[in-house]
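Have a look at the structure below before the remarks.
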Amino acid sequence: MAGCILLLRGFILTLILHQVELSVFLPAPKANNVLRRWRRGSSYFLEEIFQGNLEKECYEEVCNYEEAREVFENDVITDEFWRQYGGGSPCVSQPCLNNGTCEDHIRSYSCTCSPGYEGKTCAMAKNECHLERTDGCQHFCHPGQSSYMCSCAKGYKLGKDQKSCGPSDKCACGALTSEHIRMTKSSQSQPSFPWQVRLTNSEGEDFCAGVLLQEDFVLTTAKCSLLHSNISVKANVDQRIRIKSTHVHMRYDEESGENDVSLLQLEEPLQCPSSGLPVCVPERDFAEHVLIPGTEGLLSGWMLNGTHLATTPMLLSVTQADGEECGQTLNVTVTTRTSCEKGSVVMGPWVEGSVVTREHKGTWFLTGILGSPPPPGQSQMLLLTAVPRYSMWFKQIMK
């Protein structure tokens, strides 16, 4: 009996060992599958050498943000991919700035901003001016203590929303009236702006251009204002107004041409809008960060026909040009008080006092005035005096 029991125990032990062998050693096909698997832990050195593979990293397996970054090697492209990647969390890239809190959604995210910040990614401080604001100031923006503040150009007032600007009188600057637009469309000649004027000497000869900044003040170049002692302003064919006083910029340098600006005060104001309309002078920050970059301007004025001004005003579309390139092309020094504009054609003999204006949300602003005519037939570029840099001086003289 004892022998039978021992024999039975041996048989059971043999079966157990056989099952253990089957569970430890896999059949050949399964074993081969194991051998063919990509062993990430043992291939770390190779993965660091070669750029990541998107299919292997993020589609055969679920990847993290760092692995996706290895594939694209570019933060912007990686963030865009990560927002669309089904297996990833958009919040991993920490899109919410200034200690904002990120919340994941299906293929998107939202930010809860810290106090004092706003915007999709909490990038904008509520008390600062930002170009990205779609609901910001129509004209000028100023940082405040708890919120930014808006202001308007001369002749406008803030709307109820404290952001929009509406004309408050008939001489509101840079606002083309329906009457002027109708006259422009019916004219057979090139269109002109109601703020453009010509300077005339005592013999009735036109010699320079200017621009109306206020109903009783005209901006021209210092050089033009000093050419004759008896100057009149011609706003249209029938009306000529004599100059009461001339205000040349105190730092005008005749030799270098620096600060080549002058304000001419009229003996009597022009009648708005029938005889003319002022153009708006932009604040410096608004001009240099909002108005000018990447926008198209209009060069307007008259060209020289021999030694005389042509009778028909001209217009030419221009864009801001690189200062270094402009300086090399024109062989001039571009300073903080000058700017360059580039046209689509070679510049003709534009007369001194011709101007560049830009339209912003229905209002026209003055950004440059021409001090010297360009070299004939040589370049598409012009060097102008940067008008916004003198806005405070204008206010002091015209107050």
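Placed from the backbone N, Cα and C atoms, the Cβ positions cover glycine too.
What you see is a predicted model, and the numbers here were worked out from it, not measured in a lab.
If you look up Swiss-Prot, you'll see Cys58-Cys63 (among others) marked as disulfide bond, on the strength of similarity to another entry.
The disulfide bond annotation in Swiss-Prot covers Cys91-Cys102 (among others). Cβ neighbours of Cys91 (disulfide bond) (same chain, under 8 Å, six or more residues apart in sequence): Cys102, Glu103, Asp104, Tyr109.
For Cys111 (disulfide bond), the Cβ neighbour count at a 10 Å cut-off comes to 21, with all displayed protein chains included. According to Swiss-Prot, the feature disulfide bond maps to Cys96-Cys111 (among others).
According to Swiss-Prot, the feature disulfide bond maps to Cys113-Cys122 (among others). Sequence-distant neighbours of Cys122 (disulfide bond) (same chain, 6+ residues apart, CB-CB distance under 8 A): Cys96, Leu97, Asn98, Asn99, Gly100, Cys111, Cys113, Ser114. Under DSSP, Cys122 (disulfide bond) is assigned to coil, being neither helix nor strand in the three-state scheme.
Sequence-distant contacts of Cys141 (disulfide bond), defined by Cβ-Cβ distance under 8 angstroms and a gap of at least six in the same chain, are Cys129, Tyr148, Met149, Cys150, Asp285, Phe286. Among the features that Swiss-Prot reports, disulfide bond is placed at Cys129-Cys141 (among others).
Taken from Swiss-Prot, the feature disulfide bond covers Cys137-Cys150 (among others), and the record attributes it to similarity to another entry. In the three-state DSSP reading, Cys150 (disulfide bond) counts as strand.
Residues or ranges marked as disulfide bond in Swiss-Prot (evidence: similarity to another entry): Cys152-Cys165 (among others). In this view, Cys165 (disulfide bond) is surrounded by 23 other Cβ atoms within 10 Å of its Cβ, with every protein chain counted.
Look at Swiss-Prot and you will find Cys208-Cys224 (among others) tagged as disulfide bond, backed by similarity to another entry. Summarising the environment of Cys224 (disulfide bond), the number of other Cβ atoms within 10 Å of its Cβ, over all protein chains shown, is 21.
Annotation source Swiss-Prot lists disulfide bond at Cys326-Cys340 (among others). For Cys340 (disulfide bond), the same-chain residues 6+ apart in sequence whose C-beta sits under 8 angstroms from its C-beta are Gln320, Ala321, Asp322, Gly323, Glu325, Cys326, Gly327, Leu330, Val334, Met381, Leu382, Leu383, Leu384.
Here Swiss-Prot flags 41-86 as domain 'Gla'.
Tertiary proximity for the domain 'EGF-like 1' (87-123) is limited to same-chain residues at least six positions away from its ends with a CB under 8 Å from its CB atoms, namely 58, 62-65, 68, 78-79, 130, 132, 146. Per Swiss-Prot, the feature domain 'EGF-like 1' maps to 87-123.
The feature domain 'EGF-like 2' is assigned by Swiss-Prot to 125-166, with sequence analysis given as support.
Under the heading domain 'Peptidase S1', Swiss-Prot lists 172-399, citing sequence analysis as support.
What Swiss-Prot lists as N-linked glycosylation site is Asn99 (among others), and the listing cites sequence analysis. With a 10 A radius on its CB, Asn99 (N-linked glycosylation site) counts 10 other CB atoms from all the protein chains.
Here Swiss-Prot flags Asn230 (among others) as N-linked glycosylation site. For the recorded site, Asn230 (N-linked glycosylation site), the DSSP three-state label reads coil.
Sequence-distant neighbours of Asn305 (N-linked glycosylation site): no residue of the same chain at least 6 apart has a C-beta under 8 Å from its C-beta. In the three-state DSSP assignment, the secondary structure recorded for Asn305 (N-linked glycosylation site) is strand. According to Swiss-Prot, the N-linked glycosylation site annotation covers Asn305 (among others), on the basis of sequence analysis.
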Taking the Cα atoms as reference points, how far is Cys224 (disulfide bond) from Asn230 (N-linked glycosylation site) in Å?
12
Taking the Cα atoms as reference points, how far is Cys165 (disulfide bond) from Cys63 (disulfide bond) in Å?
51
Taking only same-chain residues 6+ apart in sequence, whose CB is under 8 Å from that of Glu66 (4-carboxyglutamate), what do you get?
none
Could you state the whole-number distance in Å separating the C-alpha atoms of Glu70 (4-carboxyglutamate) and Asn331 (N-linked glycosylation site)?
47
With every protein chain in view, what's the tally of Cβ atoms within 10 Å of the Cβ of Cys113 (disulfide bond), excluding that atom itself?
20
Around the Cβ of Asn230 (N-linked glycosylation site), how many other Cβ atoms lie within 10 Å? Please give the count over every shown protein chain.
10
